[in-house]
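Trainee: Below is a structure I'd like to ask you about.
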Amino acid sequence: MHKKYVFLDSGIGGLPYFRYFHKKAPQASAAYVADLEHFPYGEKTREEVIKYALDVTEKIIDRLNPAMIIVVCNTMSTAALDALRKHFSIPFVGTVPAVKVAAEVSVNKRIGIIATARTINDPYLDNLIESFAARCTIEKRADPELVAKIENGLITAPDEEKRKAVMPAIRQFKDAGVDTIVLACTHFLHLADIFTECAAPSIKIVDSLPGVVSHALEVLPPLPGVEVCRSSCYVTGEITDRIDRLYRGYCELFDLDWKGEL
């Protein structure tokens, strides 16, 4: 099987990127892979993230033969993108915290960053801040509990439940006086509208979605005039009844064919 573009995350975080990509390139042959066997990446060491990323990528290349892999996971990108590019010959596009965008739009130069613990503690994030937001005051928040809630079905819950889930982060950032929040874990984009609603009017929400998709299409433009084809979703690891039920539902929401284990 050949899928020209493969989107890779630890779970459902990259699905908003996948949806946006298909709005821009509906004719593209694509697949989505969630490395559930090693979810959550955000609680692993840097070395573990690199190992898991290399392992799942080798499996993807063997099974799906992609022309490009878009790593729609901030944790995997900040820790393992260099290793992936060194080990494999196909192009990779990563997803990194939108610190540069935040620094450009922030008026008071106080920025909040919400991410996984691995991303918050990775030197890559410190380098981004030094390069693009050195004159800004940064408030960081690792929120593994919110990541887990999103992965486990929060995206289909009532809005009131979603608001309750994001409010601890919003309160922390408001207390810190930030005027811009970076959603630096792709899972959080499922709640981007809720973040925007709860943070308004004093705080703006930014993410990397448009930039990542635009860059992927620049690096490897889709062929024009190709018939629109269905996209597929795969996961790694044991597929329990619960995972099967959850991912069938996610595939319906995002117009994907559920293929099960990679």
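Quick reminder: no glycine exception, Cβ is built from N, Cα and C everywhere.
Automatic, uncurated: that is what TrEMBL annotation is.
Model, not experiment: these values are computed from the prediction.
Relevant sequence annotations retrieved from TrEMBL are reproduced here:
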type	residues	note
ACT_SITE	C73	active site, proton donor/acceptor
ACT_SITE	C185	active site, proton donor/acceptor
BINDING	D9, S10, Y41, G42, N74, T75, T186, H187	substrate binding site
Trainee: Hey, how far is T186 (substrate binding site) from C73 (active site, proton donor/acceptor), Cα to Cα, in Å?
Mentor: 6
Trainee: What whole-number distance in angstrom separates the two most remote CA atoms of the substrate-binding residues D9, S10, Y41, G42, N74, T75, T186, H187?
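Mentor: Of all Cα pairs among the recorded substrate binders, the widest measures 12 Å.
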Trainee: Between the Cα atoms of C73 (active site, proton donor/acceptor) and D9 (substrate binding site), what distance do you get, rounded to the nearest Å?
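Mentor: With the alpha carbons as reference points, the distance is 5 Å.
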Trainee: Please give me the CB contact count at 10 A for C185 (active site, proton donor/acceptor), counting all chains in the structure.
Mentor: 32
Trainee: At the level of the C-alpha atoms, what whole-angstrom distance separates Y41 (substrate binding site) and C185 (active site, proton donor/acceptor)?
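Mentor: If we compare the Cα positions of Y41 (substrate binding site) and C185 (active site, proton donor/acceptor), the gap is 11 Å.
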Trainee: Please report the number of other Cβ atoms within 10 Å of the Cβ of Y41 (substrate binding site).
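Mentor: Result for Y41 (substrate binding site): 26 other Cβ atoms within 10 Å.
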Trainee: Within 8 Å of the centroid of the Cβ atoms of D9, S10, Y41, G42, N74, T75, T186, H187, which other residues of that chain place their own Cβ, given that this set defines the recorded substrate site?
Mentor: G11, G13, P40, C73, M76, T116, T119, V147, C185
Trainee: Give me the long-range Cβ neighbours of D9 (substrate binding site): same chain, 6+ apart, Cβ under 8 Å, in sequence order.
Mentor: L15, Y32, V33, A34, D35, V71, V72, C73, M76, T186
Trainee: Cβ-Cβ under 8 Å from T75 (substrate binding site), same chain, 6 or more residues apart: which ones?
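Mentor: In sequence order, S10, Y41, G42, V49, A115, T116, R118, T119, D122, C185 meet the Cβ cut-off.
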